[in-house]
Amino acid sequence: MPPKPTLSVAIVGVGLVGSELISQLLAIQAPNPFRLVSLTSSRYTLFAADGLGVNAGSWASALSASSATPNLPVLAEQLAKLEAAVLVDNTSSQDVAELYPEFLKRGVHVVTPNKKAFSANQQLYDAILRASRETGARWLNESTVGAGLPVVQTLKDLVATGDKVKKIEGVFSGTMSYIFNNFSTANPGGPAFSSVVRVAREKGYTEPHPADDLNGADVARKLAILARSIPSLQNALPEGYTSVQTRSLVPQALGSVSSGAEFVDRLPEFDVEFEKLREEARAEGSVLRFVGVVDVENGIVKADLEKYPTTHPFATSLGGSDNIVMFHTERYSPRPLIVQGAGAGAAVTAMGVMSDLLKLVL
Ligand SMILES: NC(=O)C1=CN([C@@H]2O[C@H](COP(=O)(O)OP(=O)(O)OC[C@H]3O[C@@H](n4cnc5c(N)ncnc54)[C@H](OP(=O)(O)O)[C@@H]3O)[C@@H](O)[C@H]2O)C=CC1
Ligand SMILES: N[C@@H](CC=O)C(=O)O
Ligand code: NA
């Protein structure tokens, strides 16, 4: 077999995950199967077909010194001219997500931790599938669920090998996991709700706006992504994540606060309400956990705050930003296949993106 050509990599979004991905990509030992040809932030862009020639210490200043401004349709044309190219979207932008079909149609692969494209309406999802089928360009999104944990690939493998998935359940949000692992324990008392949310944000677990985690939307998006990988549910959520039954923890009065910083500053006003929920659970010998369920047999997809006895694995075995995902299938029965570990944070999320990039070159 002829060797695969060097894969040209264009990175859009150089925030927490994007910066870490650049470090991981540039750290690969020679012969490096990747060539970094483009970087794009929300303000600047760089492109060089034969490679940017930057290193870990120079890429950020090279990018901010660029006089070129971002233009993704132009980037799609530039990448289409290369022998093998991939767009890596490390933003959480819906606008960027909606351009995936344009890249795929031109034979450019798409790799991303951004959930927006795969959890939005059916039209965009179908357009992505169609464009990928037309040209053979692949889209890989392991880090959209459970960050670097092998959740998406595990589900694809179960389905592709003919197993029947009955139910997927788990803690799918690193932020919600961190918050409730610290806020609601078997012990009396504990930190204020707003203070654990603030720390989750400082640790880089939350979405750019923490309300996108607290309103359940982030979990609903992950459930939509998983549901669509199961043949019988492929078309079950026409409006994407908004079709998922979701409990929001965002206080009504903060629903329209558009700045993440202001949201966190005002959250202490509602600590008493969360304290009440915590005490109710504790009185029953339980803790609170925010869980997601894809119940294939009953056609139910939902994200909710539930109470679990202090002896349940969701109460005893999770720490930090851990996710836990249980796949109940025909083969994995009566005991489920379980994936567990850190489900948020730049290092593990970038690792999931790198593992997808490696699938394109190995
Ligand atoms: N952090 C985590 O633990 C995990 C994150 N993810 C996903 O990874 C993605 C990145 O997350 P994270 O790095 O934490 O978020 P950040 O907010 O740190 O980074 C996102 C970056 O994207 C940039 N951006 C936004 N719109 C555009 C655009 N149109 N063109 C170019 N750049 C743009 C932003 O720039 P600016 O700030 O200037 O707007 C920002 O630097 C998100 O989709 C998130 O859901 C997935 C799993 C885990
Ligand atoms: N904000 C998300 C990040 C990963 O998708 C989370 O907390 O899980
Ligand atoms: Na994953």
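Note that the numbers count up from 1, one per residue, in the order the chain is shown.
Backbone N, Cα and C define each Cβ position, glycine as well.
TrEMBL annotations: computationally assigned, not manually curated.
Copied over from TrEMBL, here are the features:
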- Lys222: active site, proton donor (ACT_SITE)
- Gly13, Val14, Gly15, Leu16, Val17, Gly18: NADP(+) binding site (BINDING)
- Thr91, Lys115: NADPH binding site (BINDING)
- Glu207: L-homoserine binding site (BINDING)
- 13-140: domain 'Aspartate/homoserine dehydrogenase NAD-binding' (DOMAIN)
- 150-358: domain 'Homoserine dehydrogenase catalytic' (DOMAIN)
Out of Thr91, Lys115, Glu207, Lys222, which of these recorded positions is nearest Val14 (NADP(+) binding site) by C-alpha distance?
Thr91
Which residues, sitting 6 or more apart from Glu207 (L-homoserine binding site) on the same chain, put a CB under 8 Å from its CB?
Ser92, Thr175, Asp213, Asp218
Spatial neighbour of Gly18 (NADP(+) binding site) that is closest, considering only the recorded positions Thr91, Lys115, Lys222 and their CA atoms:
Thr91
Can you tell me which recorded positions out of Gly13, Gly15, Leu16, Val17, Lys222 are within 10 A of Lys115 (NADPH binding site) by Cα, answering none if there aren't any?
Lys222
In sequence order, those binding-site residues of Gly13, Val14, Val17, Glu207 whose CB lies under 6 Å from ligand 2:
Glu207
Let me know how many other Cβ atoms fall within 10 Å of the Cβ of Val17 (NADP(+) binding site).
27
Looking at the recorded positions Gly13, Val17, Lys222, which ones sit with their CA no more than 10 Å from the CA of Thr91 (NADPH binding site)?
Gly13, Val17
Near Lys222 (active site, proton donor), which residues of its chain come within a Cβ-Cβ distance under 8 Å, counting only those 6 or more away in sequence?
Lys115, Ser119, Thr144, Val145, Gly146, Phe172, Ser173, Gly292
